[in-house]
Amino acid sequence: MSKTDTAAVEATEENSNETTSDAATSSSGEKEAEFDNKIEADRSRRFDFLLKQTEIFTHFMTNSAKSPTKPKGRPKKIKDKDKEKDVADHRHRKTEQEEDEELLAEDSATKEIFRFDASPAYIKSGEMRDYQIRGLNWMISLYENGINGILADEMGLGKTLQTISLLGYLKHFKNQAGPHIVIVPKSTLQNWVNEFKKWCPSLRAVCLIGDQDTRNTFIRDVLMPGEWDVCVTSYEMCIREKSVFKKFNWRYLVIDEAHRIKNEKSKLSEILREFKTANRLLITGTPLQNNLHELWALLNFLLPDVFNSSEDFDEWFNTNTCLGDDALITRLHAVLKPFLLRRLKAEVEKRLKPKKEMKIFVGLSKMQRDWYTKVLLKDIDVVNGAGKVEKMRLQNILMQLRKCTNHPYLFDGAEPGPPYTTDTHLVYNSGKMAILDKLLPKLQEQGSRVLIFSQMTRMLDILEDYCHWRNYNYCRLDGQTPHEDRNRQIQEFNMDNSAKFLFMLSTRAGGLGINLATADVVIIYDSDWNPQMDLQAMDRAHRIGQKKQVRVFRLITESTVEEKIVERAEVKLRLDKMVIQGGRLVDNRSNQLNKDEMLNIIRFGANQVFSSKETDITDEDIDVILERGEAKTAEQKAALDSLGESSLRTFTMDTNGEAGTSSVYQFEGEDWREKQKLNALGNWIEPPKRERKANYAVDAYFREALRVSEPKAPKAPRPPKQPIVQDFQFFPPRLFELLDQEIYYFRKTVGYKVPKNTELGSDATKVQREEQRKIDEAEPLTEEEIQEKENLLSQGFTAWTKRDFNQFIKANEKYGRDDIDNIAKDVEGKTPEEVIEYNAVFWERCTELQDIERIMGQIERGEGKIQRRLSIKKALDQKMSRYRAPFHQLRLQYGNNKGKNYTEIEDRFLVCMLHKLGFDKENVYEELRAAIRASPQFRFDWFIKSRTALELQRRCNTLITLIERENIELEEKERAEKKKKAPKGSVSAGSGSASSNTPAPAPQPKASQKRKSEVVATSSNSKKKKK
């Protein structure tokens, strides 16, 4: 590098205001001019190439040229001589010399495009296959003709390698090392970088990913100096760092999984269109399942100067008038042919064995059936067509029913506990888990390795618990898995002699661009609405490098919505295959699920679920289940194969709307749909009736019928007009003596004899005689005693009811016995003075209550919670007091409890906001959840924003435990330091002797604690007087 260039770089890095040298400026200007000239030359070559392909493109090019751009600068002055010549020449004929010069110019412009016959020398670590070399040559021809294209080979055919070979060709043959940008899904970032290093190490590839600080450092130290050829980054990074990427003149822009830009109004699509690029390449393994407008959006991104009007494109491909017409097919083929290359595995990769797919139909467990019934009954009015049918409501019902078919523990409160255990209940409460528990040991015994895909990450949580319980070595990847963990787990799974048996992935996050060909079994735990998602998941294993035949097991819960969802997805996939692979457009209306279809999917199997109460899970051997699944899969495949395109288009979900002939209402030549219309209750699903339980246990019946029961002892009579007194009303004890005397005398007058209580054993006779003696010796109340009784009846808390007493006890539990002010507020209908008076008597005489032990236990538990809240508040206060700006400075000592889900930034916010809102607030976790959603720092953090209040509470409890442990350690450390610093002779001899030989006095309990212990002790030794 020259001194001038060095000075320019240093000036840029130091952000100085000094001007760069004239040489650097002119060099930069030359590069800019060269880049602009190439774009203009490509445009010219592009038009020539397309017009030679077919005259169809004249339609678009003519339209794009209707509004020419206004020329810059002054108009060129026409010389008089030329003007006269133009006026005189009306025939516009060429001279022989002019024609010769034009032909010579065309010959010199025509050059032979380079083609590879074998794998290029710059490709290391292996040889490219013949179809991959053909793909490379096709992309080279696009480049030479200034055309951008779509590489749409089926998943697993090596699109990554073909793309790398194209960029290698540009460096080694065209002297264009870059800069190039490759934009890929986050899950495949590291895989792309690894592939660059493996196949073409001469290309210097760098990866832009990470948090703000990491990105800033990377941009300053790596990206801006430009010592690289290819920058690999993710969609999200393009959006966040768009201002940086706009500074570069990109030679090639490559987008993997290009369907992400099929909406031209999306943020990503708009930003990428602003990048300055010479060439663009789109990569997708998914067929073009686009409607007309989405197809235009892709073509507009590739060639904005050709396809610049969506309205013109829509008008030219008017599907309303010519869908299915041969003319439309011819047009579409002609338009797509120059830009699109798609090959299928069956056509080009003969060494890869075809995958074998099998559906395994499972039943519902008893718990699943119960939850399925609850969901249907909750919206039975909608299911029966009686309520307001809204699409969002139907979608929610479908989602809840799908959760039932996966596992009932996906519903909060379904799993038994606490305590929560990992046991057999994980298996026998779900039909799919029961099959999985039989299938996995068989696969492990066969030496297979397994990928399990599910749409629900919480289902992966359950599967993770199951793997822990069964001791299966596993990996897991979902949308929340950090980038570093993704790469590490993929490498661990793909290692030679890897101990990992299972890899659990979410269908959307784990189905894109990941190579897991070391596995040979794919289990689709729950099917996606979009069949292409499931195909992408299967192709993680079914790709180049796979040495075994890939087996795919799709788990389907029989006679539920899931069966219809899979059926619809298969019809959609087959129709797409007929249309798209034939080069035609998909009618977008067939992809939309209307309300009638959703309603009939929900209704499917509902009566069967209601009519049965028991489990459908069988104890059959796994081989028998697989054999039956294989037969049913073949039967359904044959039925679909027999349907033509017209039948597939009119395929219905057994709806009552206008449809074709393939509905199940067509039976034996009659349209039973018409008959059903005559019956107003034709679609009515009868909810299950409440049934009386009949006792059919014969042995138990006869044992009950023949048992000779002992007659119950007659109740002792009481005076008819005796007042009812309650123990919590705290009447004087003398009143109970007078009431007992009145009762005994009444029993004497009626001649009541006390029966022997056999339950008392040997003391029965003694107790009987004592009670009878009291009756025999009873005397009636005197006038003075009757007057005394009346006076005593007015001295108790007669206005206090059982409801008032329960409110008083709950208030003591909530606030503690010492907080009389708040206790008084919670007792409705009583003044503070009345509550204070009652409180004093209650704590003085509470031992007289019949269930004092239960009441005291209730109050003590509440006081324990209060003390716990105070200790937590104290711990949070201590932690926060150590920092001036805790929202930025606070650090947590995790030890071995870091966990993988929450980041330290999230934990810091939880702790600080919990302290700010107030830990002891009633709805603090709902407020915490709202604060997270309102915080700008989490606007892209979908994990923390999607947590429920209960999940936040659990996380905060964990963090509080860590803080308390940290506080204890700091206190112990401070005490130890103080002990070390204390001088040995600072304490007098007498006191030193006392402190060394005499134990420290025990701390005295609080008055309330002392009273509480006395109350319990007294209550345990006293018995309530029986009346």
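Just so you know, glycine gets a Cβ as well, placed from its N, Cα and C.
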Name the residue range among 256-259, 528-531, 632-635, 980-983 that Swiss-Prot annotates as motif 'DEAH box'. 256-259
Around the ATP site formed by ASP153, GLU154, MET155, GLY156, LEU157, GLY158, LYS159, THR160, which additional residues qualify by having Cβ within 8 Å of the site's Cβ center? GLY285, ARG543, ILE544
Counting Cβ atoms within 10 Å of each Cβ, the densest environment among the binding-site residues MET155, LEU157 belongs to LEU157
Using a 10 Å radius on the Cβ of THR160 (ATP binding site), the other Cβ atoms enclosed count 22
Structural state census, the domain 'SANT 1' (795-847) (DSSP three-state): 37 helix, 0 strand, 16 coil
Can you count helix, strand and coil residues in the domain 'SANT 2' (898-962) using DSSP? 46 helix, 0 strand, 19 coil
Looking only at Cβ atoms, how many others are within 10 Å of the one on ASP153 (ATP binding site)? 22
Across the motif 'DEAH box' (256-259), what does the mean pLDDT come to, as a whole number? 84
